[in-house]
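Remarks on the structure that follows.
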Amino acid sequence: MEAKVKRLGILTGGGDAPGLNAVIRAVAKVAESAGAELYGFLDGYSGLIRGNYRKMEKRDISGLLHRGGTMLGTNNRDNPFNFPVQEGDEVVYKDMSDAALENLEKLRIDRLVVIGGDGSLAIARELTRKGAKIIGVPKTIDNDMQGTDQTFGFDTAVTTATEALDKLHTTAESHHRVMVLELMGRYAGWIALYSGVAGGADVILIPEIPWKMEKVAEKILSRQKEGKPFSIIVVAEGAKTPEGEKIIRETIKGSGDPVRLGGISYRIADMVEKVTGFESRATILGHVQRGGSPSPFDRILATRYGEAAGMLALAGEYGKMVSLRNGIITWVAFEDIPQGCRTVPPDHQLIKAARNIGISFGD
Ligand SMILES: Nc1ncnc2c1ncn2[C@@H]1O[C@H](COP(=O)(O)OP(=O)(O)O)[C@@H](O)[C@H]1O
Ligand SMILES: O=P(O)(O)OC[C@H]1O[C@](O)(COP(=O)(O)O)[C@@H](O)[C@@H]1O
Ligand SMILES: [Mg+2]
C-alpha cells in the first residue's frame, strides 16, 4: 500500500489495560508496510506536551503481543487543557494544548493515534477541534465506553476476576463464610456482572441496580437452609450503599475525574455479619485486574483495532474512533460518540439469565 500519510504518532492514555502493546504493535506493523514512520509519545499526553517521544524502530515492536501494560507508559491524570506547571514553588494548572499541537507540527506528524478511554478520547476530541488530526482506539478494562460494543482489556480483567472467585469459593466453603469480592469498573458494573456469572457468585451488586441488605441476607440464609452454609458476593467498586452513598477511597488532585472509588466491600462484609450472623471477609482485587498478559480474545480485538486505526490514519482519515459493532470492526466520528459512561442496562440479557439461575442482585 502506498500511504498518503508518511509520519504517524501514537500515545496511550488513562489507566493501562491488557492489550495496549498489541494495539501499538499492529499500528507499527501497518505503518511499516506502508513505508510510514511512527513516533511514540511517552506517558500519555504529558509526552506530547513536553515533547518526550521515541521513534519506533522494528526492534521496538518485537515480543510485544503478549506483554501487559504499555511500552510507551501512560498517565491517568494529565490533561493538556488543565496541565500542572511548576511556577516557582507553586504548581499551577494551565491550558497547554497549544504546546501539544506545536509538537505535532514540529515533528511533522500527519496523524496521531490515541489509545485511551472516555477521558483520553474526550481530550482527543477537544484537540481535534483545535486542528489536531487524531484517530482514537477505545481501551479500558471497565468496558464503559460509548461508541463501541467492547473495549480491549475487559476480557482479561474478567478472566482475572473469575480466577479470584474460584479461589475464594474454596476458602468460603471450608470456613462456612461469606466472602465479598470488590471489583473495578468505576461507575459501571460490567466486570462484576460478567465475572460474577462466570465465577458462580450468589449475589452480584452493581451501581446500576439499587439493593437492600434484607434481600442479600435472604439469599445467604436460603442457601444455608439448602445445606450450603457459605456464599460469594461480588460487588462493583461503584455500587452504592443501600442508603445511596458511593464509597470514595481518595481524590487525586488535578485529575479531570479525581474520584477513586474503593471500600464498599468492607461495609458489606460488616453488614452481612450483623444481619446474618455469618462470618464474612472482604477482598479488594484492585490493580491485579489491569495487569498481566492479555487473553487471546483481547490480543485479537487489540490487533483488529490497531490495524484498523493504522489503516485509517494512513489513508488520511481523522476525527474518528475505531469501534466494534456486532462483531465487525468499523469506526464512529468523534462528534457522534454519546457523552458519558456506558453503564449496564438493568434489563441486559445477562442480568435476566443470571436472575433465572438464582443469582440475586439484592433488589
Ligand atoms: N469527561 C472528561 N472530559 C475531559 N477530560 C477528562 C474527562 N474525564 C477524564 N478526563 C481527563 O482524561 C484523563 C484520562 O481519563 P481517565 O478516565 O483516567 O482515563 P481513560 O482515558 O481511560 O478514560 C484524566 O487525567 C482526566 O484529566
Ligand atoms: O489507577 P488508579 O488511579 O487507582 O485508578 C483506578 C481506576 O482505573 C480503572 O482501573 C480503569 O479506568 P480507566 O480505564 O478509565 O483508566 C478503574 O477501574 C479504576 O476505578
Ligand atoms: Mg475513564
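Cβ from N, Cα, C; glycine included.
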Listed in TrEMBL for the substrate site shared with Thr140, Ile141, Asp142, Met184, Gly185, Arg186, Glu237, Arg281, His287, Val288, Gln289, Arg290, one of Arg177, Arg299: Arg177
Same ATP site per TrEMBL - residue from Gly15, Gly19, Gly35 joining Arg77, Asp78, Gly117, Asp118, Gly119, Ser120: Gly15
Distance, Val288 (substrate binding site) to Gly15 (ATP binding site) (CA atoms, angstrom): 12
Where Arg77 (ATP binding site) falls in three-state DSSP terms: coil
Site of maximum Cβ density within 10 Å, from binding-site residues Met184, Val288: Met184
Lowest local Cβ density among Arg77, Arg186, which the record lists as binding-site residues, within 10 Å: Arg77
Cβ packing number for Ser120 (ATP binding site), 10 Å threshold: 28
Those binding-site residues of Thr140, Met184, Arg186, Arg281, Arg290 having Cα within 10 angstroms of Asp118 (ATP binding site): Thr140
